[in-house]
Amino acid sequence: MSKFVFVTGGVVSSIGKGIVAASLGRLLKSRGYSVSILKLDPYLNVDPGTMSPFQHGEVFVTEDGAETDLDLGHYERFTDTAMTRLNSVTTGSIYQAVINKERRGSYNGGTVQVIPHITREIRERIHRVASNSNADIIITEIGGTVGDIESLPFLEAIREFKNDVNRNDVAYIHVTLLPYIKTSGEIKTKPTQHSVKELRSIGIQPDLLVCRSDKSINEGLKKKLSGFCGVNINSVIEALDADSIYSVPLSLKKEGLCKETLKYLELEDKECDLKNWEKLVHNLRNPGTPIKVALVGKYIELGDAYLSVVEALRHACIEQKALLDLHWVSAEMIEKDSAETYLNEVDAIVVPGGFGNRGVNGKISAIKFARENKIPFLGLCLGMQCAVIEWARNVANLPDASSSELDPKTPNPVIHLLPEQEDVVDLGGTMRLGVYPCRLTNNTIGKKLYDEDVIYERHRHRYEFNNYYKQSFLNSGYKISGTSPDGRLVELIELDNHPYFLACQYHPEFLSRPGKPHPLFKGLIKSSQENLTQSN
């Protein structure tokens, strides 16, 4: 029988609920409890798959092919547990399910309303995660801020939820902000008091308060919050701004978040083993030589658009005892100027995924610069497609080569639409999504890095390498180091006579973990370090 923890947020958005939920998951797992975490998002989109990266940040893809909120990436990285499509719920998906049931006559002619039908569907989704995961504890993060109209059905649903189970099977955590007023030199509790008041008016009494602040909270403030918010003083948890998200579990452990949560759930506070995590944070805080990595992207104005890529680079640098010196490079600026202007001093180049024409020629120029100047390079998804186009144009004597996505009339579509995508009309959830196997080729860098015959990686794309050109690429020196088991789809490519030049059609960043960096990212950083050693 699962226990349930609900995490809400107050005062401001982007308060860090996802990191708190993920950190609690890490702390519970370190005590031997199994955990699954789900996100309730209050927007009307069915999923974030068709949303602009500028609006929503990256789309995180689960093993079973769900396009989800980036917080699921935090959940997976912190708990080292794979989530599924059940772990991502939006208002759009809830309404879609309820309306479909109404059309099928599932409500026997009744009037369909927010209460009880929408809230019941939300509760059923939470129960479904519990039954499918068999986890000891289900943590649910409610997106948005208490007081938002959009969040009301979710808050009502989690209020009702305590009637589905025993009261000691549920704990409510409210993450809030304690602003520091510089002119008066005071930390203010009033916004938190009002946020809790709003939550109580819905019928939810928080059991724990996690108080975000950039100043330490003294005992007097904790007593004040305890009195006004009806929370035990030991359950007022200080969450100071951290130097890294990976240090948050350690600070919340020190504050007693996990211990207090287990008390409300009437579960044993088992011995906590965070030795590996402490080592990770130590290495993060005590890095070695800086590695200048250029991330050449289309959406660099919003760093969250490439969140998993950045974290994968960070994991690799921690493992290799290097300092990640990340350089954000606009692909469009390279088009206006030159690759040399922005990339001349970097130690490694990463070209991540994306969609559409904008900035593609800048990415291609960056890849050419990496190839010709022997700079370690890693291409991801569109990054691989751009690497293929660059080679075709500049080495394989196909100067008019392109992708049929970028130029439908190109005479040499070295990248083309997957055959199964040709009749697809809807955009949402229709790409090649989720985990697929890839067979690695012997005597390749890819095979050496993975040390496996078959790997499983997550995908999110419609376009692939055009096998019509495979032989001409092989003849001109390209190496295909990974394909689908039937050999039909090219998944991983590389070059000889280069320190490190690999590109993959999949998204390895989704499988990188703190303490377990992905082989392709680890290889990139290691190669960069070797280059630096040789040049010195």
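Using the three backbone atoms N, Cα and C, a Cβ is placed for every residue, glycine included.
Database features (Swiss-Prot):
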- Cys381: active site, nucleophile (ACT_SITE)
- His507: active site (ACT_SITE)
- Glu509: active site (ACT_SITE)
- Ser13, Asp148, Ile149, Glu150, Lys188, Thr189, Lys190, Pro191, Thr192, Gln193, Lys224: CTP binding site (BINDING)
- Ser13, Lys188, Thr189, Lys190, Pro191, Thr192, Gln193, Lys224: UTP binding site (BINDING)
- Ser14, Ile15, Gly16, Lys17, Gly18, Ile19, Asp71: ATP binding site (BINDING)
- Asp71, Glu141: Mg(2+) binding site (BINDING)
- Gly354, Leu382, Gly383, Met384, Gln385, Glu405, Arg462: L-glutamine binding site (BINDING)
- 292-534: domain 'Glutamine amidotransferase type-1' (DOMAIN)
- 1-267: region 'Amidoligase domain' (REGION)
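Between the binding-site residues Ser14, Thr189, Thr192, Gln193, the minimum number of other C-beta atoms within 10 Å of a residue's C-beta occurs at Ser14. Between the CA atoms of Ser14 (ATP binding site) and Thr192 (CTP binding site) there is a gap of 15 Å, rounded to the nearest whole number.
Across the structure, Glu509 (active site) and Gln193 (UTP binding site) place their CA atoms 40 angstrom apart. Using Gly18 (ATP binding site) as the reference Cα, a 10 A cut-off selects Glu141 from the recorded positions Glu141, Thr192, Gln193, Cys381, Gln385, His507. Candidate binding-site residues: Lys17, Lys188, Lys190, Arg462. Fewest other C-beta atoms within 10 angstroms, Lys190.
Listed in chain order, the extra residues whose Cβ falls within 8 Å of the Cβ center of the ATP site residues Ser14, Ile15, Gly16, Lys17, Gly18, Ile19, Asp71 are Gly9, Val20, Ala21, Glu141, Val175. Annotation for Gly354 (L-glutamine binding site): same-chain Cβ neighbours under 8 Å, separated by at least 6 residues, are Pro53, Gly297, Lys298, Tyr299, Cys381, Leu382. The Cβ of Gln385 (L-glutamine binding site) has Ser403, Ile415, Tyr463, Phe465, Gln505 as same-chain neighbours under 8 Å, each 6 or more residues away in sequence. Taking Cβ-Cβ distances under 8 Å and a sequence gap of 6 or more within the same chain, the neighbours of His507 (active site) are Val61, Ser308, Gly353, Leu380, Cys381, Glu457, Arg458, His459, Arg460. Listed in sequence order, Val175, Arg212, Ala239 are the same-chain residues six or more apart from Gly16 (ATP binding site) with CB atoms under 8 A from its CB. Of all the binding-site residues listed here (Gly18, Pro191, Gly383), the one with the fewest other CB atoms within 10 A of its own CB is Pro191. In sequence order, Gly353, Phe355, Cys381, Cys386, Ser403, Ile415, His461, Tyr463 are the residues of the same chain, not among Gly354, Leu382, Gly383, Met384, Gln385, Glu405, Arg462, whose CB sits within 8 A of the CB centroid for the L-glutamine site.
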